[in-house]
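Colleague: So TrEMBL says this about it:
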- Lys128, Gln191, Gly223, Asp254, Lys397: UTP binding site (BINDING)
- His224: substrate binding site (BINDING)
Amino acid sequence: MEVCLVSVTFADLTRGAMTEFQEKLRQQHEESMHRELEALLNTANKPEAEISRKDFNGFKDIFHRFLQVKGPSVDWAKINRPPEDSVQPYEKIKAKGLPDNISASLNKLAVVKLNGGLGTSMGCKGPKSLISVRNENTFLDLTVQQIEHLNKTFNADVPLVLMNSFNTDEDTKKILQKYKHHRVNIHTFNQSRYPRINKESLLPIAKNMGTSGENAEAWYPPGHGDIYASFSNCGLLDKLIAEGKEYIFVSNIDNLGATVDLFILHHLMSQPADKRCEFIMEVTDKTRADVKGGTLIQYEDHLRLLEIAQVPKAHVDEFKSVTKFKIFNTNNLWISLPAIKRLHEKNAMDLEIIVNQKTLDGGLNIIQLETAVGAAIKSFNNAMGVNVPRSRFLPVKTSSDLLLVMSNLYSMDAGSLTMSKKREFPTTPHVKLGSSFTKVQEFLTRFESIPDMLELDHLTVSGDVTFGKNVSLKGTVIIIANHGDRIDIPAGAMLENKIVSGNLRILDH
């Protein structure tokens, strides 16, 4: 009996010693980080240092929490499907109809677009929102047209707020001049700028506060979860509340399906004051293409967003399963402004940290600590999901997506894209364009005109392929030009359930 007691005490002692050692190590890392950040601030001019100090305070907080975290942030055994009433079908929301006074509801809304990303993945320089997606209109043009149409139709004042990053701010502000005479008030604010840290030393790789030269890769915008802090810090949150705004509709600027939905807005506005829903996440049914998307779960009596980065390795396949987790987050979110203010002031938004590991061009392994805007759902009162039609999720991430939205599959009205009535099936064709189409400029040179795709189900294109004018694609079409070969699809060609391979050159004579 005594032996057992001694062994337990000894185990406890060694465990205690280990945690004490780990705690000391954590403190050392934190002290070293604080010293480095202070040294970086000393290289900046006064106005820049003031802004950066606010950013660094946020970074210190996330770094502190990163050092505390041990293992995955979720206990897989505690994960449950959300209760039936916590994710409502869109049809049920729509059945409530619209209020008599739509403009009164709209006047309590602001639209926020996440505009921090660059177009590099599509081979473009500058902000992604400035890529032309339809009839020479950029993502930003379409957004402004949509909101202006709302304001004119309902005699309302819905402002547009752009959350830029240090990567996109300057270029975006130059472009905003062109919307001066449009009926939409546009505000911008910058999300924070955080230092990338060396994976081994856990210290910043930046030499000073500059963003060019040797420092070009030293900084990053810390994910869209940063919206709560930066929105509050810049004063825009208070300004919008003072103007009578109650909700923001937040979405990615490259999601062309994320338009203001009057039925969801009415649902929010019609709740009794004591049962006000403070957060709606639009979700939609998973397909095979969406297996990596974050999903809604019930966890410790709260709705919670579960991202693939938080899933223990042993359960990743289960997470991707379409049968267990049937829905995913579109990142179209409706959030109460007074609730953001309350939670931010209490520092009560405990956003899970996403540890994004990258290898820079020179081979240096770095860590980016990020958060997701949807992760805050667990902190808001009466939060819920709404299962919306797939049409509200139309992101343009690749040139394959771009081909779809440029084609006659969609018709455009006042900046909004809708599936053409001429298409018999409401599903989107599966399009997979090879590496020769990755960059937008190259993609455009390969199409003399965008093919007719109204009856297309599946398109795969690989290798050096070009399309002449007025080509029509139907059913399943696979075009593969082997290395060294080239295939020119002739003008006016109609390909229906065809596989084209080999070499087909059309030369001018």
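Glycine is treated like the rest: Cβ placed from N, Cα and C.
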Colleague: Can you tell me how far the Cα of Asp254 (UTP binding site) sits from the Cα of His224 (substrate binding site), in Å?
Modeller: 14
Colleague: Hey, of the binding-site residues listed (His224, Lys397), which one tops the CB count within 10 A?
Modeller: His224
Colleague: Would you count the other C-beta atoms found within 10 angstroms of the C-beta of Gln191 (UTP binding site) for me?
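Modeller: Its Cβ has 28 other Cβ atoms within 10 Å.
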Colleague: Which residues does Lys128 (UTP binding site) neighbour through Cβ under 8 Å, counting only same-chain ones at least six apart?
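Modeller: Those within reach of Lys128 (UTP binding site), by Cβ under 8 Å and sequence separation of 6 or more, are Gly117, Leu118, Gly119, Met122, Phe139, Thr168, Ile253, Asp254.
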